[in-house]
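Taking it in order: structure first as structure tokens, then the write-up.
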Amino acid sequence: MSNRATNILVPLVSVILGLLVGAIIMLVSGYNPVTGYTALWNGIFGDLYTIGETLRQITPYLLAGLAVAFAFRSGLFNIGVEGQLIVGWFAAAYVGVAVELPKIIHLPLAILAAAAAGALWGFVPGLLKAKFRVHEVIVTIMMNYIALHVTNALIKTVSDGGDRTEKIFTSASLRSEFFQNLTEFSRLHYGILLALIMVGVMWLILEKTTLGYELKAVGFNQNASEYAGMNVNKNIILAMVISGAFAGLAGAMEALGTFEYVSSKGGFTGIGFDGIAVALLGMNTPLGVVFGATLFGSLKYGALNMPNEAGIPLEIVEIVIAVIIFFVASGYIIRLLLLRAANKKKEAK
Amino acid sequence: MEYVVEMLNIRKEFGNFVANDNITLQLQKGEIHALLGENGAGKSTLMNVLFGLYQPEGGEIRVRGKKVDITNPNVANDLGIGMVHQHFMLVENFSVTENIILGSEPTKLGVTNKKDAADKVQALSEQYGLNVDPYAIIEDISVGMQQRVEILKTLYRGAEILIFDEPTASLTPQEIIELVQIMKRLIAEGKSIILITHKLKEIMDVSDRVTVIRKGQGIGTVVTAETNPNELASLMVGRQVEFKTEKVPASPKDEVLDIRDLVVLDYRGVAKVKNLNLNVRKGEIVGIAGIDGNGQSELIEAITGLRKVKSGTIFINEKDVTGLKPRKVTEAGVGHIPQDRHKHGLVLDFPIGHNIALQTYYTKPISKNGVIDYDKINEKAKQIIADFDVRTQGPHELARSLSGGNQQKAIIGREVDRDPDLLIAALPTRGLDVGAIEFIHSRLIEQRDNGKAVLLISFELDEVMNVSDRIAVIHDGEIVDIVTPETTTEQQLGLLMAGHKLDDNEKGKLKEGEDQHVE
């Protein structure tokens, strides 16, 4: 089998297998898989409104995926994207409500605040790793909890004891009249463009700059990087800061686009953690992240329609979605099976 | 004649590349059969075919006269074929016995029965004189001992035919002597051995017959007793090989490297370099001779800025570089061929082109304002690949997939091409074949003849004697003597390396004794 054929066949077969197993799960639980999947389809592509909402859902996944992928490429495992996203969300919303400025200043300022907050949250584990060799996984997990509870406390402070801030000024909003008219008033906002630009930015950094060369070298082999005169510690910190900034931007999408406020949270948003899967599905390349985020965002948003339209309980829906993603992630196994089948055929001849 | 293994007209292809083309190897019972070839000639491929890791595209394999189809290593095991890999496949924090039984653990009522296994390992160890403690933990024992564990592993599984893949590559001279004895013992006990190597001396010492392959082609099989190293070398390389590197006498000029009272500590805080003084001048090669672990690594790391200096000073071209960062030292005119090419020399997951740019990626014209031009990198890489005869599919091939000799040539190309005033070459020919060694030695001498200073660190006496203009002998972190190769014998050098200071009287005596020894 030619390489290209396998490259197309593998994801296709994976998705079909995932759908099949998902169907079996629905059948066994006593629900009709056809109505279930129709509801999923309609929940993703049903009308212009749902398409807009699906795209809106993909946006933060794109940035969270980039954040994780960027760290991976530099040899670091950033589990802290969740926390960096939460502080980014708060920072953007705070700038959005605290001052009123001309849009040309206010919006970029709010976005930058989110990136800076995420970067700061990435800087701490980066610094600890560089200076004291503390493993970034431990620090970033803990930083997630700190982010969650610190922002909750700050929200209470800025909203005088309430559990959400005011709506941000329109001068800081990413909402787009153009997109709203196009998609029957979905919440699709300009953030998707920013996210796609960031896909390009990550590609540029990694593939076109001296910095990207150093980050990748340090990620692969710290000893050789040190031998070549690179500042390994600086690169570790920088990788975490840039990764954190991507994550902070994902938070800005929620603060300035989707919700236009920040409310205190009982638990994590999950977007940051899903970002790990998005990055891995995309094999840590910028373009791969686009595919991973699209799959994740579509399934996550479309699934919301399954309880409504097909009456399938949310728990079953989540299992089905997880199974589909599981099969896509196991593309390697599918590749192996296809290869073996091809070999058998060859031998039979 | 009875053959235990016959590989007849084996052909193995990888895509368009023919790794083995019509190679025949016949192993007699009870012989040590050497398989000789340059790095990348196809030796490992051929053995992987025999061991069931690769399936050949053509030819047939017979074991004890019967045609067999070795589809995977388990089949090879069942046929009594065992492989002692060059890179040991051992679990570091498991005991010897645990490693040996790994994969086929004997159980009693579902519980691993280590006691019986350990007894069996002990018995085998005694039978073959291996002297291995079945309960020792792998990470606590020496490299030579670990190799014997690998040998035991194959014996434990009932191997009759043992394949040794470059077994001496990581051993000390003493361990090599012991290994040779072990191999002879194995033969005496009725085993048969295939020895993969490119070291001619070993072949002459232990093997009965030699099969030579060159660039994937079978060249032929010769009886060791009827050949000599020169013939073997030219069979392997395909041309005459000069063992003694030709060079004109050195004409040293100004000092390039000047080390004064240098003290360097290791990670435990123990002094590994003690008040060391050394200088290297333009137009000369200074060899540092010494037994591994006498401060050589620490010395190089201190010069190149990879390790902190406790006290003392290092001058390069009269500039104090003590305590500078590696990049500053590099920019002061130092090239460094590192001791461990996989750890320090290469980013194995980078393409070879990226690796060739490892010291220059941030400089003009490759980089401008932080933007890197990969076309320029590849252009430069192509030039170095051509100049230094690096055999690769091109700058885009991953460094990992090059053979050791070609990886080393790429590193040397990278360092020499920058034309540094001081070139530090640490074990530059480790694990390489005669052709590559000859090439590298002539490159070092060329640097010298171009008026550059070269500091060579080597554990191989003949390399130090052959290439250096002056030899500084290091023992326990100190330079104990500086001698010239013309007026010193290997025996004297050996004594110095062991920390024995020679007075003039003794030098005379030694010369006499040595003369008798040489006939």
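Cβ coordinates are placed from backbone N, Cα and C, and glycine is handled just like the others.
Listed features, source TrEMBL:
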type: TRANSMEM; residues: A:12-34; note: transmembrane segment
type: TRANSMEM; residues: A:79-99; note: transmembrane segment
type: TRANSMEM; residues: A:105-124; note: transmembrane segment
type: TRANSMEM; residues: A:188-206; note: transmembrane segment
type: TRANSMEM; residues: A:236-259; note: transmembrane segment
type: TRANSMEM; residues: A:271-296; note: transmembrane segment
type: TRANSMEM; residues: A:316-339; note: transmembrane segment
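Residues of the same chain lying 6 or more positions beyond the ends of the transmembrane segment (A:316-339) and with a Cβ under 8 Å from any Cβ of it are 1, 6, 9-11, 13-15, 17-19, 21-22, 25-26, 29, 31, 36, 277, 280-281, 295-296, 299-300, 303, 306-307. In this chain, the transmembrane segment (A:105-124) lies close to the transmembrane segment (A:236-259): three or more C-beta pairs between them fall below 8 angstroms, excluding pairs fewer than 6 positions apart. Among the listed stretches A:12-34, A:79-99, A:188-206, A:271-296, the one sharing the most Cβ pairs under 8 Å with the transmembrane segment (A:236-259) is A:79-99.
Counting only same-chain residues 6+ beyond the ends of the transmembrane segment (A:79-99), those with a CB under 8 A from a CB of the stretch are 60, 64, 67-68, 106, 109-111, 113-122, 125, 136-137, 139-141, 143-148, 150-151, 154-155, 158, 165-169, 172-173, 243-244, 247-252, 254-256, 260-262, 265, 268-273, 275-276.
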